[in-house]
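*Asks:* Below is one structure. I have some questions about it.
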Amino acid sequence: MNLSEWRNLSQTSDGCLLLDLDYSQLIVEDGQVTNWPANASDLGYRQCQDFEFSDNDALTLVQEFELVCGRDILSLVETCFLVGAAAGAVLSGWISDRFGRRHTLMAFVTIQSVFGGILAFSTSVAMFMSLRVIIGFASMTVTVVSFVLVVELVSGKWRTVIGILNILPVAVTYVLASGMAYLIRDWRILQLVISWPWLIMLGIWFWLPESPRWLLAQGRLDELCGLIERAAKTNGTSSQLPTNYRKTLEAAVPREVQPQQEGAGSEEVKGDSLEAASSHQSGHVNPLLVVFGGKYWRTTCLTLIIWLTLIIIYFGLTLHLSNLGGNIYINNAVAGTIEAVSICTSILVVLKAGIRRSLIGYMLLPGLCCLATNLVPSQTGVIALATIAKCLIGANNAIIPTYTAMQYPTIVRNFGVGMGNLAAGIGLILVPFLWHLEHIDALLPLNVMGVCGLIGAIAICLMKDVN
């Protein structure tokens with residue numbers, strides 16, 4: 001029989017229930033059932049036990065584990081990764097501040113790649129979900145620590161430039177992921193492709209430099225001086241190093257690490273380190289007490305609001321572009337390309353207008369675009385406004401980590417950025433359920449994102465400016 005006719009005849013509209021009759025007794029001639037029971041509508045329905053899917057060329061998690069009809073737990077499966085990411089956002093800061101940026105970063109790159117590969121051999125949904133929690137933790141740790149490491153290797157305007165460019169590969173990978181997902185329809189093979197090749201990154205473990213600011217905060221001057229001399233040699237500026245630069249660094253070491261040292265230091269290094277020193281009580285500082293202490297509690301609360309609202313908009317649009325219609329592969333590739341251009345352009349905007357004013361604009365405009373969808377009659381107009389909003393908020397997503405890092409001293413900078421990522425993790429957990437609101441009204445999710453944009457812009461206005 002014609003498949004659509006068979007479905008209409010025997011099943012409910014969602015395909016989950018089947019008429020309760022003996023199908024082996026039916027006779028089909030010329031594509032028509034000749035002895036269909038007259039009282040079929042009175043027989044009732046039974047639950048389907050076996051399923052067929054329209055896309056036979058693909059092997060997805062939903063198809064393999066039949067996550068349909070009472071087992072539709074895809075939002076919960078996605079949430080497992082996001083719960084791990086939320087935990088990684090907080091704990092990664094403590095781990096990195098305790099053991100260093102370099103070793104933490106490379107250790108969790110290894111965990112992410114190894115467990116990502118093991119995930120491809122999952123034999124059950126429970127195993128898949130458990131591994132996704134671990135991978136979520138590792139992924140967020142890599143994201144936070146890699147950012148903090150690169151911004152602590154530079155200073156001045158380059159900290160802003162490098163901090164923004166650190167997010168650029170994210171937009172590029174949206175394009176690459178769309179192409180890979182289009183060509184590789186088996187989720188297990190795709191998982192291996194995006195996981196195990198990156199074990200090659202372990203080759204740079206001992207070549208990768210440690211954060212000089214972290215080494216200074218820990219009082220590890222021998223390693224710090226070696227790193228400075230290596231950088232000067234690479235740049236051809238060894239002859240320009242002051243003869244007494246080690247004494248300058250010794251003067252900037254926190255008191256509890258080297259209590260007998262006194263002297264003058266460079267303004268930037270000394271200021272950064274004295275601020276960190278004032279946060280210490282004894283031994284290693286408790287970062288939670290610092291970020292929620294008298295000096296930083298207001299900054300931390302506003303940071304939580306900004307990151308939460310930003311991520312609800314950013315990933316609300318990124319992960320659910322298909323909800324707005326169109327081809328999901330093309331939508332993601334186009335949006336990723338435009339976002340990459342937007343991130344590069346944002347560097348010029350930030351250097352010209354300043355980081356705080358740029359953040360306000362990049363938060364306010366996406367919110368207005370989302371709210372403006374109520375005034376557009378066509379679906380094409382809605383998609384266009386949503387794409388513009390995604391690209392603008394993508395630039396904000398690239399700038400906000402740098403701005404957050406500038407709000408905290410070195411010794412708790414990683415933890416401060418981690419607090420922002422904690423709020424981001426909560427936002428990510430909410431995003432899969434946000435789009436359930438479209439069953440009430442098609443534009444309700446976009447309206448919620450629009451309000452988040454306005455709230456986020458107000459929160460940024462209340463933050464202190466940084467240079």
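Glycine residues also receive a Cβ, built from the backbone N, Cα and C atoms like all the rest.
Feature table excerpt (TrEMBL):
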DOMAIN    8-467  domain 'Major facilitator superfamily (MFS) profile'
TRANSMEM  73-95  transmembrane segment
TRANSMEM  107-128  transmembrane segment
TRANSMEM  134-154  transmembrane segment
TRANSMEM  161-183  transmembrane segment
TRANSMEM  189-208  transmembrane segment
TRANSMEM  296-317  transmembrane segment
TRANSMEM  329-351  transmembrane segment
TRANSMEM  358-376  transmembrane segment
TRANSMEM  382-403  transmembrane segment
TRANSMEM  415-437  transmembrane segment
TRANSMEM  443-463  transmembrane segment
*Asks:* List, by number or range, the same-chain residues at least 6 past the transmembrane segment (358-376) whose CB is under 8 A from its CB atoms?
*Replies:* 306, 309-310, 313, 346, 349-350, 382, 385-386, 388-390, 392-393, 395-396, 399-400, 403, 443, 446-447, 449-454, 456-457, 460-461
*Asks:* Quick one: mean pLDDT on the domain 'Major facilitator superfamily (MFS) profile' (8-467)?
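*Replies:* Taking every residue in the domain 'Major facilitator superfamily (MFS) profile' (8-467) and averaging pLDDT yields 81.
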*Asks:* Are there 3 or more C-beta pairs under 8 Å linking the transmembrane segment (107-128) with the transmembrane segment (382-403), counting only pairs at least 6 apart in sequence?
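*Replies:* These two segments do not touch.
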*Asks:* Is the transmembrane segment (134-154) in contact with the transmembrane segment (415-437), using at least 3 Cβ pairs under 8 Å (sequence separation of 6 or more) as the test?
*Replies:* yes
*Asks:* What same-chain residues lie close to the transmembrane segment (134-154): Cβ under 8 Å, and 6 or more beyond its ends?
*Replies:* 80-89, 91-93, 95-96, 101-102, 104-105, 108-109, 111-112, 115-116, 119, 162-163, 166-167, 209, 211-214, 401-402, 405, 410, 413-414, 417-418, 421, 425
*Asks:* Mind checking which residues reach the transmembrane segment (296-317)? Cβ under 8 Å, same chain, six or more beyond either end.
*Replies:* 290, 335, 363, 366-367, 370, 386, 389-390, 393-394, 396-397, 400, 404, 407-408, 416, 419-424, 426-428, 430-431, 434-435, 445, 448-449, 452-453, 455-456, 459-460, 462-464
